[in-house]
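Listed in Swiss-Prot:
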| type | residues | note |
| --- | --- | --- |
| BINDING | Asp16, Lys38, 65-74, Thr120, Arg181, Gln190, 210-211 | substrate binding site |
| ACT_SITE | Lys67 | active site, proton donor |
Amino acid sequence: MSEKLAARDRMIVALDLPSVEAAEAMIARLGDSASFYKIGYQLAYAGGLSMVGRLADAGKKVFVDLKLHDIGNTVGRGVESLSALGATFLTVHAYPQTMKAAVEARGDSGLKILAVTVLTSYDDSDLQEAGYRLGVRELVEQRARQAQAIGIDGLVCSPEEAAHLRGIVGRNIALVTPGIRPAGAAAGDQKRIMTPARAIAAGADYLVVGRPIVEAADPKAAASAIVEEIATATA
């Protein structure tokens, strides 16, 4: 991604919380330590999409992580509705029909479409169990090439794949990496993880961080430490 980003803007805080009230309380605790937030299934289905406009009006960026995957017409209509909310990013699964529909439907709204290659909780054995013949690395590469040809704005990938993908897609596609864990943090249910500094060095543009921040005793201090690590890695 050619755009120069401030360290704080490269950290996306995942608001994986059960209610709008809990999310708003976390945002208040984080204050100016964070500028970019992710709303996923849990919060979205608890009314969290109502926060998108308010956050945008407050100068924050919002990543709506719904991983849309349906027939093209249905995805397109969903993207049209979501594009009016004021979000910065929206995820879809990296299937050609889904990606094409999303790119066409967002129009000139400014909404950036991110394609999810392979979930960071999956490894080769999970793909084999699901019936895939390709391993994680091969499937990620295949989907990345398809996404680039379709005009996708960014890819969601594990930090382990970032360096490899950067060599494939160049600098014009943003790489967004979940599975970020500061040194010493628990991996949780993620199988392909990396520290913030290593992920930046591998070529990631944006780092999604959830539990290490929202479950920390001092979320603001945890977020500030990650931003400092990003700043050092990009200096």
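Placement of Cβ uses the backbone N, Cα and C atoms for every residue, glycine included.
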C-beta crowding around Thr120 (substrate binding site), within 10 angstroms: 25
Fewest other C-beta atoms within 10 angstroms, as judged across Gly72, Gly210, which are the binding-site residues: Gly72
Lys67 (active site, proton donor) CB neighbourhood, other CB atoms within 10 A: 18
For His69 (substrate binding site), the number of other Cβ atoms found within 10 Å of its own Cβ: 15
Neighbour count (Cβ, 10 Å) for Leu66 (substrate binding site): 17
Cβ-Cβ distance under 8 Å to Asp16 (substrate binding site), same chain, at least six residues away: Gly40, Gln42, Leu43, Gly210, Arg211, Val214
